[in-house]
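K.L.:
Marked as L-histidine binding site by TrEMBL: A:81, A:82, A:83, A:111, A:125, A:129, A:274, A:275. Per TrEMBL, domain 'Aminoacyl-transfer RNA synthetases class-II family profile' is recorded for A:24-333.
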């Protein structure tokens, strides 16, 4: 690579200037207030973790990890997600104190660009994890809380799509007989390649009834009768348990009063490979990628030595702010310009202003080259210069 | 609710067939649609907006969500591996990706050179064959490369094989069949579900 220019940053790294900072901060506060109201406790974990622990346990592709070496030669990663570090903390410390455990986070995660620009490689996520809770009520709580958090953030229109990876797995295994063949078919879903899926099903050596079942599976999305149609595809007991979970979930979401935001899509498969049960994504118009996602991951904690089920979600702050679409104007402070002989007077005045909750900048007038240009950027200007009294430009 | 939809169309070879197909499916497209130099064409009575892009770029517009739907060749999708839904095989503009070269030649054992407009497709094909090759990216007239000694093999799309024949090249392997596909942005696919399903159904009906 050629030597970078002084203004350049690594690919995918972005600065946040005052307007966007204020906007994000306002949204972040509203969201974390809501999350706390549901009894979740915020925690922080380090940005650097071991590659062999967090890096390997995380579902993020290896080529997307930022890796570096520490002094002893251990490979480290910049955390690519928050769910895995939280699983580590929970399993090694917090689960001793309370089960189920409800934790929240607001942190930057890092995923290297795969191809080109246009997507940040560092982005803020806010999310929650509910650990040691295998009930469907926990799944419903995730979705209801996510809807409430998005509403609190000021997002009015959004859509949560719910699927169940366990159901996909049961159905594919019962028809295809082994994991190898099921994995091939799942990959088509993961790649969103319906054309390839259909062609692959046609090429399989299966009875025409089984082929038809697999083809109809693709249309198990949207409409209210999705669950009924899904039941119609089952033979025997495989997949029935997962469907009744979804049925139960639908009832509970109605009780939570968030059913108008959700729809079912049984073909939904996530890039986060650790999901084991219900999973969901949330979309808003005008943003080309999901603004958040979540689901049940019952095997992840086991990697850290504690066999506990868990569920959670994460929201992408950059995409959410884009979806909300309003940029908050950064608050503009007032300015006190003083000359050295009246410094004390100016400082007292500034103290008084701040006590009233007003933002003030204090500035020695001798250090300003162009007073007009400088003062123009403030909402009000107070002069403590020379012998006269205080002068305001208002 | 009939929401506004943006469709990315590929300029050039596929365009005519794709436009004809849309008309056959009952979309009322204005006559200037075919020979316009405009890059954005709005069809208000259909609540549609078309953008005309380079075929290679269609999936990029769709992935980033500035177009809800797009018509893209499978060759482009294999090369670009974008995060979009591949909803329908439109079965138009059929051709295939193939390996070609001068007749009766072998590729060298050490660092054979392959020229292609599709570096990712070429690289993953040869890796699957257990061959380590070096890819040279070209942007057109790929057939020239083996003739003039730039590369031992090329990977390119072949429709009739006429160009290969006229330049004295032969096909060594067929990599994948290519037709045009209807693709959708993952968010549009959820948010504008009804509208997209309607378009998919209308097109699916006329695909033979």
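Glycine is no exception: its Cβ is also placed from the backbone N, Cα and C atoms.
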K.L.:
What's the most sparsely packed of the binding-site residues A:83, A:125, counting other C-beta atoms within 10 A?
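P.N.:
Comparing Cβ neighbour counts within 10 Å for the binding-site residues A:83, A:125 gives A:125.
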K.L.:
Measure between the Cα atoms of every pair in A:81, A:82, A:83, A:111, A:125, A:129, A:274, A:275, the residues the record assigns to L-histidine, and report the largest value in Å, rounded to a whole number.
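P.N.:
Greatest Cα-Cα span of the listed binding residues: 21 Å.
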K.L.:
Check each residue in the chain of residue A:81 (L-histidine binding site) that is at least six apart in sequence and keep those whose C-beta is under 8 Å from its C-beta; list them in sequence order.
P.N.:
A:58, A:59, A:60, A:109, A:125, A:272, A:314
K.L.:
Relative to the Cβ of residue A:275 (L-histidine binding site), which residues of the same chain, six or more apart in sequence, are found under 8 Å away?
P.N.:
A:165, A:295, A:296, A:297
